[in-house]
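Below: one structure, written as structure tokens.
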Amino acid sequence: MLEVRELAVSYGMVRALDEVSLTVDQGSITAVLGANGAGKTTLLRTVNGLVRPRSGSVLLDGTDITRLPVEEVVRLGLAHVPEGRGVITELTVQDNLRLGVLWRNRRERRALQSTGLDEVYALFPALAERRARLAETLSGGERQMLAIGRALMTRPRLLLLDEPSLGLAPRVTAQILAVLRELRERQGLTVLLVEQNARSALSVADHGVVLNLGRVVASDAAASLATADDLRHAYLGF
Amino acid sequence: MYFINLTLGGVSSGIVYAAVALALVLIWRATRIVNFAQGGMLMITTFVALGVIDATGSYWLGLLAALVSGFVLGAVVERVLVRPIENGPPMNAVIVTLGLLLFLQAVAGMVWGGSPRSFPPLLGIKGFTVGDARLLLSPSDLFVIGAVLVVMALLVLLFRVTPVGLRMRAAAFSPEVARMFGVRVGRVLTLGWALAGAVGALAGVLVAPATFVGPNQFDAVLVFGFAAAVVGGLDSPPGAVVGGLVVGLTLSYVSGYLGSEVALLGALAVLMTVLMIRPNGLFSRTSVRRV
């Protein structure tokens, strides 16, 4: 579904991504792992059109989306849960969710807004109780749920998730990852997930890619990565 | 009775400052720029309204012309002058908007001459009478208050209920996240300036019967509108309204009880008091965030 080919990104003199290639299969969860500064966030931001690569390309179902501005990418079925979640704290929970259908035309919006809200609230009952509250009153876990719910409101074919576990209690992380797993099973959602917390990410992923200093150092089935001792010690820290 | 009259006078002038403040707030929220040219823009649109009224004899056509030309002028200013400097240092925007103010005043002077012209009110300006006493409130004042309140209600609806309003709020609070969800932030900013242009144009037409129309006739309105916006806390539309009323009432009371020559000092005192107690304005949310 998603194909990243020899992507290179530089911030000034700093090379953030160096010839990174990977593929994400339809209906799979792919986890990109690596330490701080490995280029994980840059990878997602480049796929999403927020960062322009120096070279290389990003293909979504065979269509080149490398130079597409971020505003257009959502229209092709790509939704992003950014680093730090990107919840707009000055808006209510429901308005944050409504952002997910804003790009649609009036007719589609009418048709999808209320069913989308119902689905998200069914998935995350904690959000339903707080729908009229400002998002700034939410806990970290609830904000993560809101960010994921908002991305799901766009009815994405591919969900990009940046460090969902960051700052969350292990129990909350497990809960959120379980929801991803469920969505994959039930709706065939495809997920590209970026994580520092390799152990929990590999527990839900089908495929894992390890980045180090902007380069792919390993790419394999999640189960094999989780048991490759040398890799775990060198890059994954568990 | 005297107190009541001062209050009525304060409210009806304050509501105009509120409208100007609202225009400034719309632009501040969208682009973090204080639009010093607002006074010049609403001066031009009021001249346009006057021209249309003279030509057609219809106040309503004049008002419509002002709103439309304000909307267009706001959009053009954003696209042509503000867009190139949006990401530059804030001082650039200050210089550009001040420069635009001077430019518009000079153009108006060349086109329409420097001497102020009178502007017809829609309704009578003779105060209502209660018993023998004459109130400092005329049908025209009621129209002014009503018009501003209607526009404010429409803006609240726009922001709270419509998808366009949600786009504008999202783009103001978090442009990057808004873009991720398909909001074309550039267009939204243009719309913000256009709306501000229209709201400013309304204020110009409403205040013109009192101030007359001329290149520099609206300077005081801009200053008081600015004070109102700051008192309310630049970020908040309800704050702009309250700020406008506070400034209007203060000016009215101070000039009524202490003499009109110290009215400006009264406005300054209010501004300073508010800024010392709540440096971000009455209605701002605190800018301190927990990390």
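The count begins at 1 with the first shown residue.
Placed from the backbone N, Cα and C atoms, the Cβ positions cover glycine too.
Taken from TrEMBL, the feature transmembrane segment covers B:6-26 (among others). Residues 34-35, 38-39, 42, 135-137, 141, 144-145, 148-149, 151-152, 155, 192-193, 195-197, 199-200, 202-203, 206-207, 210, 221-222, 224-229, 232, 234-237, 239-253, 256-257 of the same chain lie 6 or more positions beyond the ends of the transmembrane segment (B:6-26) yet place their CB under 8 Å from a CB of it.
Positions annotated as transmembrane segment by TrEMBL: B:33-53 (among others). If one looks beyond the transmembrane segment (B:33-53) by at least 6 residues along the same chain, the residues whose Cβ comes under 8 Å of a Cβ in the stretch are 20, 23-24, 27, 59, 61-63, 65-67, 69-70, 73-74, 77, 82, 86, 90, 93-94, 97-98, 100-105, 107-108, 111-112, 117, 119-120, 193, 196-197, 200-201, 203-205, 208, 213-215, 217-219, 221-222, 225-226, 234.
The transmembrane segment feature in TrEMBL is assigned to B:59-81 (among others).
The annotation transmembrane segment is assigned in TrEMBL to B:93-113 (among others). Within its own chain, the transmembrane segment (B:93-113) has Cβ neighbours under 8 Å at 31, 33-37, 39-41, 43-44, 47, 77, 81-82, 85-86, 213-216, counting only residues six or more beyond its boundaries.
As annotated by TrEMBL, transmembrane segment applies to B:142-159 (among others).
Per TrEMBL, transmembrane segment is recorded for B:188-212 (among others).
Residues or ranges marked as transmembrane segment in TrEMBL: B:264-283 (among others). Taking Cβ pairs closer than 8 Å, the transmembrane segment (B:264-283) reaches residues 224, 227, 230-236, 238-239, 242-243, 246-247, 250-251, 253-255, 258 in its own chain, all 6 or more past its ends.
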